[in-house]
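In case it helps, TrEMBL gives these features for our protein:
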ACT_SITE  ASP38  active site, proton acceptor
ACT_SITE  ASP179  active site, proton donor
BINDING   SER11, HIS70, GLY146, PHE147, GLY148, GLY149, ASP179, GLY180, GLY181, GLY201, SER202  substrate binding site
BINDING   HIS36, ASP38, HIS70, ASP179  divalent metal cation binding site
Amino acid sequence: MNSKSLLIAPSILSANFARLGEEINSVMSAGADWIHFDVMDNHFVPNLTIGPLVCKSLREDGIKDFIDVHLMITPVNELAMSFAEAGADLISFHPDAVEDVKETIEIIKQSGCKVGIAVNPDKPLSILKDIIKDIDLILLMSVFPGFGGQKFIEETIEKIEAAKELIEQQDHEIFLEVDGGINNETISRVSKAGANVFVAGSAIFGSSDYEQTIQSFRQKIS
Ligand code: DX5
Ligand code: ZN
């Protein structure tokens, strides 16, 4: 799987947590590519979700899919290592949540995971300048992190285009993931602008037919 593929990553934030394993199996067999795993600490963002134990349980229960962890927590380093041990494949964090961004990138890589940097709607892409050569993914937030079901911030489109240009100037592959307010109405614009990983929580888990929703996303991005 390289960054040229177009990947759909359902955010389990909007799944039914009482039946999480089943929900994941349903979206994956409905055609999803990655599991987007939102981790919130009621401190860095005003909401509280799930930690590495849940990731570990999913692995022990036989889930083999790519787990894309989005950390919205501070501090990061210890829990990032726990997520790596629990079976995460990729770990993204917000640079303002850590003391030393390069050190956290290194810790995540050393633990065997790919690493992503999350960029909030009010943060410039220039925060990537000194680290872009070391990362595998840019996670562009198209809402302020904390809750599912928010409205897509239109200014993100230009930012996606600029991030794509930045990525093209690098000599290694970098995924461009967009997170927040992705639905049947916004996904084609996000795709045209250059994103290649599409996170969607409420639009998928809130729909009555996951397969139909994912197929209709797929048609709009191909
Ligand atoms: C927001 C999370 C998102 C969220 C997206 O803080 O990072 O991943 O689940 O939800 P929707 O797709 O409903 O905007
Ligand atoms: Zn997320």
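Including glycine, each Cβ sits where the backbone N, Cα and C put it.
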Near ligand 2, which of the recorded positions show up if the criterion is a Cβ under 6 Å from one of its atoms? Options: GLY146, ASP179, SER202.
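Near ligand 2, sequence order: ASP179.
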According to DSSP, which kind of secondary structure is GLY181 (substrate binding site) found in, if we only use helix, strand and coil?
coil
Going by DSSP, is SER202 (substrate binding site) sitting in a helix, a strand, or coil?
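Where SER202 (substrate binding site) sits, the three-state DSSP reduction gives helix.
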I'd like to know which of the binding-site residues GLY146, GLY148, GLY181, SER202 sit within 10 A of HIS36 (divalent metal cation binding site) at the Cα level.
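The binding-site residues passing the 10 Å Cα test: none.
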Does DSSP put HIS70 (divalent metal cation binding site) in a helix, in a strand, or in coil?
strand
Compute the centroid of the Cβ atoms of SER11, HIS70, GLY146, PHE147, GLY148, GLY149, ASP179, GLY180, GLY181, GLY201, SER202, then list the same-chain residues not in that set whose Cβ lies within 8 Å of it, in sequence order, for the substrate site.
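These residues sit around the substrate site: LEU13, SER14, ASP38, VAL143, PRO145, GLN150, VAL199.
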